[in-house]
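Over in Swiss-Prot, the protein carries these features:
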type     : residues                                 : note
BINDING  : F13, R34, K107, A139, R254, V276, E277   : NADPH binding site
BINDING  : K107, G135, K190, D243, S253, R254, N255 : sn-glycerol 3-phosphate binding site
ACT_SITE : K190                                     : active site, proton acceptor
Amino acid sequence: MSEKIAVIGSGAFGTALAAVIALAGRSAVTLVGRNPSLMADLKSERLHDAVLPGIVLPESLEFSAEAEAVAGASIVLFAMPSQAQADAVRQYGLYLSKDAVVVTCAKGIERTTGNLLTDMLERELPDHPVAVLSGPGFAADIAKGLPTAMAIAADGMETAERLAQAISGRTFRLYASTDRIGVQLGGALKNVLAIACGIVEGRGIGESARAALIARGLAEMSRFVVAKGGQADTVRGLSGLGDLVLTATSHQSRNLRFGIALGRGEKTDPAHGALVEGAFAASVASRLAAELSISMPITDAVSAIIDGRLDISDAIEQLMTRPITTE
């Protein structure tokens, strides 16, 4: 079945996602952004060198700066950072078709409420099915046509499989899930752990420490996901372990680079920190973990370091001298 798909958000990920769906050739795809001049340039030049240098966008991809462009779309993907999603949903939600499925592509938790993004979408758009797309995929890799696999989760498997079929292509494969909680929290919490791994790298304390953080961080993620109603198996999949390994080891990751800067003792630009999803997620996850009585020492340490409440050397000592326990 052919779908009409709108991707909202003309940053790197939104543009890459729109391009790879358009290349699959099964759906009519429109990339929707707020900047009329940018969208006109993308339409005429088929290049978005500011975020995806040298990558030619497909001729079949349409562009629009009009909110009304989402009208008639059967699938609408919100591909902007988590803290900007609520405003975007309110702006574009007025124009959605009554049967449109909405998909959040952000990896974060609402900072003020601690809610998942699907909670926000269901609150703002109560008449629409809501799904989440997450997993190990850098925008540049997706746009270049490098093999990438991610997860898409909806309330029902029928909807999840429909979305996976509509969005997947030769080089971009989606796995269907019904665990929206696990898929979202994996995407949010791995950013915190990527910052921790960046601190380790910036501090120069070895790959063994990074491996320990990945393994023990995965245990933290699993405890948190299960406590919030998700499934432990999801944490071991693409949206959990897969995304964690990618983000904690690749310098394409903003979160890893932010952690490296912290580890080196560099003065971090507040504007840079504002773009790092893990910087938001750390404080929210640490607060929620305390409310749920969940042990998350790595997440707590990252939150305290970012807030300036804990020195990195003290954080390392605290983690290494915790009471001995079973794995």
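From the backbone N, Cα and C atoms, a Cβ is placed for every residue, glycine too.
Structural mapping of features recorded in Swiss-Prot.
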{"residue": "F13", "record": "NADPH binding site", "Cβ neighbours (10 Å)": "26"}
{"residue": "R34", "record": "NADPH binding site", "Cβ neighbours (10 Å)": "14"}
{"residue": "K107", "record": "NADPH binding site", "Cβ neighbours (10 Å)": "29"}
{"residue": "G135", "record": "sn-glycerol 3-phosphate binding site", "Cβ neighbours (10 Å)": "23"}
{"residue": "A139", "record": "NADPH binding site", "Cβ neighbours (10 Å)": "22"}
{"residue": "K190", "record": "sn-glycerol 3-phosphate binding site", "Cβ neighbours (10 Å)": "34"}
{"residue": "D243", "record": "sn-glycerol 3-phosphate binding site", "Cβ neighbours (10 Å)": "28"}
{"residue": "S253", "record": "sn-glycerol 3-phosphate binding site", "Cβ neighbours (10 Å)": "24"}
{"residue": "R254", "record": "NADPH binding site", "Cβ neighbours (10 Å)": "20"}
{"residue": "N255", "record": "sn-glycerol 3-phosphate binding site", "Cβ neighbours (10 Å)": "27"}
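Cα of A139 (NADPH binding site) to Cα of S253 (sn-glycerol 3-phosphate binding site): a distance of 11 Å.
Spanning the listed sn-glycerol 3-phosphate site, residues K107, G135, K190, D243, S253, R254, N255 have a farthest Cα to Cα distance of 15 Å. A coil conformation is recorded for K107 (NADPH binding site) in the three-state DSSP classification, outside any helix or strand. Separating the Cα atoms of D243 (sn-glycerol 3-phosphate binding site) and K107 (NADPH binding site) is a whole-number distance of 10 Å.
N255 (sn-glycerol 3-phosphate binding site) sits 6 Å from V276 (NADPH binding site), counting Cα to Cα. Within the same chain, residues at least 6 positions away in sequence whose Cβ sits under 8 Å from that of V276 (NADPH binding site) are N191, I195, R254, N255, F258. If you check the binding-site residues F13, R34, K107, E277 against G135 (sn-glycerol 3-phosphate binding site), the ones with a Cα inside 10 Å of its Cα are K107. DSSP gives F13 (NADPH binding site) a helix state.
Residue pairs drawn from F13, R34, K107, A139, R254, V276, E277, the listed NADPH binders, are separated by up to 23 Å at the Cα level.
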